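A short worksheet on the structure shown next.
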Amino acid sequence: MKKGIIIAAAAILGTAAVVLVCIFAFQWVGRMAVITVPDQYADQICVYEDGDFVYRFEPEDITADTQAAVLYVKNLLVVYTKPNLSPAEKLSLAKQVDGTVVGNISGCINALQIRVEEPELAGLEALAEKLMESDKVYYAEWDSPLWMDAQADQNRWSYSISLTAETDRGNEAAPGGNDWWAEAVGAYTAWSYEDLFQDVTVGILDSGFNLEHEDLEGNLVSLPGYEENTASSHGTGVAGIIGAKNNTVGLRGVASGSQNQVTMLCADWSPYSNDDEDWWYLNYLSTGEYLEIIKQMVGHGTTVINHSWGINIGNWLNWIGTFIEEGVTPEQQKQMRENLAEKTALNCMLLMLELLENKQDVLIVQSAGNDTDLTEWSGYFCGIDRELWDTQILEKDFPGITYEDISQRILIVAAVKNQRDGNGNYELCSFSSYGEQVRLCAPGEEIFTADKFAYHRDQGTSYAAPIVAGSAAALWALDPELSAPQVYELLTENTVGYGVAGEKQEGIYPMVNVGAAVEKLLEEKDLKTGCAVSVKDAQTGEPVKDAEVILLNFDNLGIDFGGTDTDLLSQVETASVRTDSGGAASFYNTGLDPYPACVRADGYGEWRGWLECSGFLAQIGGSLQVNEVLLSPGPAADELLLEKLKELAGQNGVMAVGTETYTGSGYGGGEQVVPAQRLTGCLCGDIWDYDGDGQSELLMVGAQPDDSYELGAGEDGTLLWITVAVYEAEETGQVSLADEKTIGVMGLTDTIRYSSVQFARGSENGQTILYLDHYLNMNSQSFEVFRIQYSDRLQVSGGVRCYEFEGAAGCDTGASDKALEELNTGGLSSENGWVLGERYDWEEISSEIPAGMMEQYRQDWQNGMAGIGLESSFFRTMYEAPEIVWAPDGGTDMTAYFQYFYDCCTSRPAACWTMTGGGAVTELCGFLSAPDHEAGMELTTYDSPGLLQEFR
């Protein structure tokens, strides 16, 4: 044990740091007596600022009684005392057994460690019984090493994995990938209320921690007085599951909200080394050390304490070999383990009684164990049951405390894997222990979390326990006034599904679901949701009075500016409010999704953008998150942009909308059949804040056939040039062209190709995205989606394309501006502006694509769409087209076949797409051209915003 003074800088705890002093003499003056740390044991005694001191025995003090089948500590007794004993009374107890007080714990836990001359077990038992005769003692016993073993399955340990970002996040209906464990327990549902999370403190006793990990630094701190720490992947991984930061790296801990501090007080149980090949790697504490750790954690405001450890049979047999050289049978070794499990359970029950007697409230979470055995043999809290209470505890000593008071503060957790039975229930991991003490199960296999280096996947009930501990912490973060039994009830009564035992296990165990528990709590505490706005003058910062704030219609954004939007979601109390003298306004019952909105005030330009909604718990208090809106003085930008739209319509003409059919000559090939003027002029105008600066821009989409266009020409086809332009309103009242792109598209005017170009708008993390969808088919086909963002200029910021031939296919991503410019040039080269992806080829071009290859190809498309913030319900591959039906007379029925490709060409983005982040997809405009296979074609153009309708 090191000597000296260790001071922990733990300002976030709001308490003075504990000073750990290992000295040769310390005096504590009480009523008529002095307790002095004895010189002969001072090297093994640590003294704390609050007056406590504890004794740590050395490995050579541990011995065995093979007849009784126990390991015990020579010459040491542990005495649980009643509170408020004087120093004289404590010294009197030691004198009764001719002993010396070497450990003194007072406060919410009261215990003594007494060093005696007696080395034999029978003699120690006699001395303990003598102390039990005193009315000042709850319980006395000989001490044994509290052995602690990580409950991770060590056959699957890994220190590094690929850190490819998880693309399918938050899919609670079908958990998978690195975040499957979070999805399976409803964590994303809980995180949807992240703005309500408050600061919370959790305790973790484990094998060591990386306090400087990028995902944990600042959240993970040493328990004051226990700064001696050696980094371990096990302890670091457990901490990551509970409270890893909500940031852009790694993972997210269950209890981490948007802004709250998750303080994890950690204590390393192995002060010498975490190298399991080092002789000093002995995972044990004295009973006094363990009691002091729990007392300090509770004293620093800990709500829940995680124990991802217990007595593992395999490691136990190796461990006791350190102290017993020979002559112990396997049966005796097993009995030693069971005896230790029972003894540790009794100690933990006494600990809980001491806490309750002194009005302390804490929840304990422990892993069930990895021995595919009854969890009671993992010991500690796993071994607490009614029988132990009935046979060991005298209720007269603890009036008013019942067994249920203890059992409802303990959660034992089994582990499940991501595999379900026919009823949709998860299966227990093959290693998981089980039994009556198990209250919940949680994911425990393929768990992605932090390690002492970076990140890894691991498995074990060690990782199921912190999921439950983190869930408990999340509930306390929402309501700090909850009691431990209330949190216990919320978690055990709001489960979803079960974990079902395997062949070597028994039982069925409720699956924790923090999302369901959180929503139940919010229901009970009367959750209020809304949107608060503070409108200010952008130049002076002064509040703007009587500004109108309007929530816009999700179904048809940007049309209804005349007042209350009658199509708004029905639960919102009002969709249009005015600011008060302080520039403030609020909406209520909005839910927690962001809303598109506009803000208007006389003498100011109009603001358009997204307003974030939040919530508060009526019974606990709190307030809505405030959105600050800055209005720039001057003419309304929207009015100026509308005037510019009229000007452009007059200069360039306005394209008709609707569907028309054109007929060709019927010679059998393709020909140009659409008059040039039909596809000339402005198609669509959209006024919206595309760059997020709080002021709208005008997006215009128009078209013009190439100069070489000739009506009736052959199948070679002609390009249609589509222009996308953005206009900005300036403070001077002028409107100027900010940027434009011109895109050449083939096949919109002829009778042989399926061709379409469509535009839509979405929101990704509060930022507006313009999407361009392109489809082209003539024997082979390609379909692609571009993500385009505007900030001073239009720029392609990603995309995904698929191209298909007979017997081959491929999917590329990462589109650039070059890819849009080269839209019709063909070529499968990165020089065309794409990041080339997987290529798929199969032997015979007439055969179907192999099933496994098809599934991977589809996944490539889905991943590419997710990369630009979209999910699509329609994969437009030609390999899934219906088969051509051959008639008995040799003819064919190709109706379903042609209809499939018609649908591929004309399907609308708003009908097929959703934003991965939950925002709306808004349809803008499109050009759709499909052959009718009777030497003609159908042409459709549409303009959803409708701002040009008066000019048609």
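Here, residue 1 is simply the first one shown, and the rest follow in order.
Including glycine, each Cβ sits where the backbone N, Cα and C put it.
Heads up, TrEMBL stuff is auto-annotated, nobody curated it.
Computed from a predicted structure; not experimentally measured.
Here is what TrEMBL says about this protein:
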- D206: active site, charge relay system (ACT_SITE)
- H234: active site, charge relay system (ACT_SITE)
- S462: active site, charge relay system (ACT_SITE)
- 199-495: domain 'Peptidase S8/S53' (DOMAIN)
- 7-29: transmembrane segment (TRANSMEM)
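Annotated features taken from TrEMBL, shown on the structure.
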{"residue": "D206", "record": "active site, charge relay system", "CB count, 10 Å": "25"}
{"residue": "H234", "record": "active site, charge relay system", "CB count, 10 Å": "25"}
{"residue": "S462", "record": "active site, charge relay system", "CB count, 10 Å": "32"}
Under a three-state reduction of DSSP output, how is D206 (active site, charge relay system) classified: helix, strand, or coil?
strand
In whole Å, how far does the CA atom of S462 (active site, charge relay system) lie from that of H234 (active site, charge relay system)?
8
Cα-to-Cα gap, H234 (active site, charge relay system) vs D206 (active site, charge relay system), nearest whole Å
8
Taking the domain 'Peptidase S8/S53' (199-495) alone, what is its mean pLDDT?
89
